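Enquirer: One structure, as structure tokens, below. Some questions next.
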Amino acid sequence: MENQCLPKKVPGFCSFRYGLAILLHFCNIAIMAQRVCLNLTMVAMVNNTGSPHLSNESAVEMLENVKNPVYSWSPDIQGLILSSVFFGMVVAQAPVGYLSGIYPMKRIIGSSLFLSSLMSLLIPHAAQVGAALVIVCRVLQGIAQGTVSTGQHEIWVKWAPPLERGRLTSMTLSGFVMGPFIVLLVSGFICDLLGWPMVFYIFGIVGCVLSLSWFFLFFDDPKDHPYMSSSEKNYIISSLMQQASSGRQSLPIKAMLKSLPLWAIILNSFAFIWSNSLLVTYTPTFISTVLHVNVRENGLLSSLPYLLAYICGILAGQMSDFFLTRKIFSIVTVRKLFTTLGSFCPVIFIMCLLYLSYNFYSTVIFLTLANSTLSFSYCGQLINALDIAPRYYGFLKAVTALIGMFGGLISSTLAGLILNQDPEYAWHKIFFLMAGINVSCLAFYFLFAKGEIQEWAKEIKTTRL
């Protein structure tokens, strides 16, 4: 029924909707590079417990201190600095969820990307003042990045045809794993050759350029795009006609709170961000403490999981839309399948990492697989809210992200405390806790997830709740 009004021939990959996905892809690469670069540069920033300003140091040592300043931050302070970005991301979620349906995303995302890039440029100078100012910069950066990462989901309400949601969202979200791959791949070399401050300067400048490009290239509604073909406009508008038939309305809060399918999405978002934040933040630390490699080798090894994760994310998008267009599986089956792969596979490989990795190569392989298989969730619960409540998608993504950010905040901070108190068995405790959360949330999702629009998301409510 939905396909009767669609044009027979519309632009495919060489189209403006895919161009938008690629632009968002690069924006996500930029904000993740700015977020993750501190995870690796921290190894170079605190590799000396003594004061960096000694009166008898040689001219070479003084020059090295200028290029690579060293700070005596304890593991607790390091954990707080690394996790402080999540404080900002938590603060951003509720306002973004409300504003995304009111104000143009062009301004919100463009200005937030610029703010995140500006904070990246300021972090090396903040570090000279003290850890407290670095934390302030990271919190502000978290607010900006939380706005970009959550607000962009509202864009696909108007731009993504239902049968292309998997491809378009996986293409954009895969930028979140390509960013860490790039930054971890090159940061070690930049630290060695130019000094760790240049890592922040380079990715900050890249973000500023992308924010300027965003203001020129993005349009909030495909109807307003001056260069898009009429066939592509008609295709997008016709395919979304059912869900866009009425405007923004009062939120059915009571119905949302009683919705088990929504709670299934929320709990699995919590588990996903817990696992993802933990692995993204502490992979360089794990490699440094377990494999004992230098910063350049650490960067190369830490980047491997994200290259495979990028491939898995793109593959998942193609597979999910293939299953739907060929009517092999229903929407809910596809969402459950990829949520299961994205939640359970990392648990399996983490257990293998703890008990079956006997040498350098097996450790790298299992760590890579554990990180990369998380990206299968891009076509699972991460876009399920668009299936069950497209009218409230921006708000629901903000809510799920808000709760998920608590997972990221808790996991990063808790891991730092465990590593500080019990270095010998710390990784076992950290990974077993991650496994328990993933499996329990996945079981709830498997029981209660849905793929069709829920009743509370269909009708216009006449009463305010």
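For all residues, glycine too, the Cβ spot is worked out from N, Cα and C.
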Enquirer: What range among 134-156, 364-386 does TrEMBL describe as transmembrane segment?
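Expert: In TrEMBL, residues 364-386 carry the label transmembrane segment.
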Enquirer: Given the cut-off of 8 Å on Cβ pairs that are 6 or more apart in sequence, determine whether the transmembrane segment (425-448) and the transmembrane segment (196-219) share at least 3 such pairs.
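Expert: Taking Cβ pairs at least 6 residues apart, the transmembrane segment (196-219) and the transmembrane segment (425-448) are not in contact, as fewer than 3 fall under 8 Å.
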Enquirer: Mean pLDDT over the domain 'Major facilitator superfamily (MFS) profile' (14-453): what is the value?
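Expert: So the average pLDDT across the domain 'Major facilitator superfamily (MFS) profile' (14-453) works out to 83.
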Enquirer: Quick one: find which recorded stretch in 168-190, 260-283, 303-325, 337-358 has the most Cβ pairs under 8 Å with the transmembrane segment (196-219).
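Expert: By Cβ pairs under 8 Å, 168-190 leads among 168-190, 260-283, 303-325, 337-358.
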Enquirer: Cβ pairs under 8 Å with the transmembrane segment (77-99): which stretch of 20-46, 303-325, 337-358, 364-386, 398-419 has the most?
Expert: 398-419
Enquirer: So, taking each listed stretch (20-46, 303-325, 364-386, 398-419) in turn and counting its Cβ pairs to the transmembrane segment (168-190) that are under 8 angstroms, which one gives the highest count?
Expert: 20-46
Enquirer: Taking a Cβ cut-off under 8 Å, which residues six or more beyond the ends of the transmembrane segment (260-283) line up next to it in the same chain?
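Expert: The answer is 36, 39, 82-83, 86, 180, 302, 305, 339, 342-343, 346, 367, 370-371, 374, 377, 380-382, 384-385, 388-389, 396, 399-401, 403-412, 415, 430, 434, 437-438, 441-442, 444-445, 447-450, 454.
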